[in-house]
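Below is one structure, written out as C-alpha cells; comments come after it.
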Amino acid sequence: MVKVELLKELDNGIRFYSMENESLKIVVVNMGCRIMEIHTPDASGNKSDVILGLKNIEDYADDPAYFGAIIGRVANRIGDARFTLNGKTYELYANNGKNHLHGGKEGFDKKIFDVTPLENGLRFHYFSKDGEEGYPGNLNLYVTYTLNENAFSIHYEADTDADTVVNFTNHLYFNLSNTLDKVNDHYLQINSDYIGCVDDTCLATGELLPVKDTPFDFNKRKRIGQDLEADHIQLKNAFGYDHSFVLNGTENQLTLEEPVSGRRLIISTTAPVVQVYTGNFLKDGCIGKAGRVYENREGVALETQLMPNAINTEENPSTILRKGDKFESNTKYVFEIM
Ligand code: GLA
C-alpha cells in the first residue's frame with residue numbers, strides 16, 4: 001500500500017507531495033519534479049533522509065547543484081552551446097563557461113509540472129514549447145515516480161512534433177550515512193568497462209577510455225575515496241569523478257553502500273550511461289537541509305542518462321528524438337540493508 005498525499009500548495013502552482021509505504025518515504029515538489037527527501041531505514045531500523053537538498057523552496061530558483069531535479073531537455077553539457085540537426089545549426093544559452101549545461105538558462109529543473117496522483121505514486125507532465133531554450137519541436141515529457149516495497153522507480157516518456165534532442169536524468173545526490181560525512185567512505189560498484197572522457201571544461205569529448213588499470217575501474221566494489229585524488233588527467237579535468245560510465249547489462253548495474261549505517265542502494269536502469277559526480281563543486285551552492293552550504297564531496301550524484309554531448313560527438317547521436325517517435329527510459333532505485 002502506498003499513501004500518496006498532497007502536503008502543501010502555494011499560490012504559484014507549486015505543490016508538495018509525499019509518497020509513503022512501510023519501507024520508504026519520499027517528498028516531492030512539482031517544480032522540476034524535485035525529489036526533496038528520501039527516508040530509508042538503516043541497519044538498526046532507524047529511518048533518515050539519504051539525499052541532499054536545499055533548506056528553502058525559494059532557493060531552488062537559483063540552485064547551481066540541481067538537487068533532486070529532473071534535467072532537460074538535455075542533461076549535462078553541449079559543447080560551445082550549439083548543435084546541428086538536419087543541416088540546421090541551433091544556438092543555445094551558454095550557462096557554463098562556453099558550454100550549455102542541464103537545459104540552459106531555465107531548464108526543466110525550474111519548470112512547474114502538472115501532477116496526477118496515482119495509486120502507487122505520482123505522474124508529472126511538462127510541455128516544452130518549440131524554441132524553448134533554443135531547442136526545436138514541441139515536446140511533451142511525462143515523468144512517473146512510483147513506489148513498490150523498497151523500490152523507487154522513475155519512468156521517463158517523451159514525444160515531439162519535430163526532430164529534436166533530448167537527454168533526461170534525475171540529479172539526485174545520495175549520502176547513505178547518518179552523519180553526512182563526505183562520501184569518500186561509501187563503496188561503489190559499477191558494471192562498466194569504459195568512461196566517456198572530458199576536457200578541462202568537463203565537456204564530454206566523445207572519446208572512450210577503458211577503465212582497466214585506471215581509477216575509473218569500479219567493476220569490483222571500491223571505496224569512492226580510494227583513487228579519488230589519484231594523479232590522472234581525467235580526475236584533474238573534472239576535480240574528481242564527473243564522468244559518464246558506459247553500462248554493461250540491463251539490471252543491477254550500480255551499487256552504492258555505506259557500511260556504518262548498513263544502507264545499500266542498487267540501481268537498475270534501461271539507460272546506457274550513468275554520470276557519476278562526486279559533488280566536486282558543491283561548496284559553491286546554496287544553504288542545504290543541514291542548515292549550511294554543503295562541502296564538496298558530501299554527496300554523490302548517480303545520473304542515469306544518454307552520453308553527454310552526444311549530438312556533437314556521435315555519428316548517429318543517441319540523443320536525437322525524431323518526430324513521431326517515443327522516448328522511454330526507466331531507472332529503479334532499490335534501498336536495502338547490507
Ligand atoms: C553534473 C555535471 C557537473 C555539475 C553538476 C551540477 O553532474 O556533470 O559538472 O555541473 O551537474 O552542479
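Glycine is treated like the rest: Cβ placed from N, Cα and C.
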> Can you tell which of Asp242, Asp284, Asp325 TrEMBL lists as binding beta-D-galactose with Asn76, Arg77, His171, Leu172, Tyr173?
Replying inline: Asp242
> In Å, how large is the greatest distance between any two Cα atoms among Asn76, Arg77, His171, Leu172, Tyr173, Asp242, the listed binders of beta-D-galactose?
Replying inline: 18
> For Asp242 (beta-D-galactose binding site), which DSSP three-state class applies?
Replying inline: strand
> Just the number: how many Å between the Cα atoms of Tyr173 (beta-D-galactose binding site) and Glu303 (active site, proton acceptor)?
Replying inline: 9
> Any idea what the Cα distance is from Glu303 (active site, proton acceptor) over to His171 (beta-D-galactose binding site), rounded to a whole Å?
Replying inline: 6
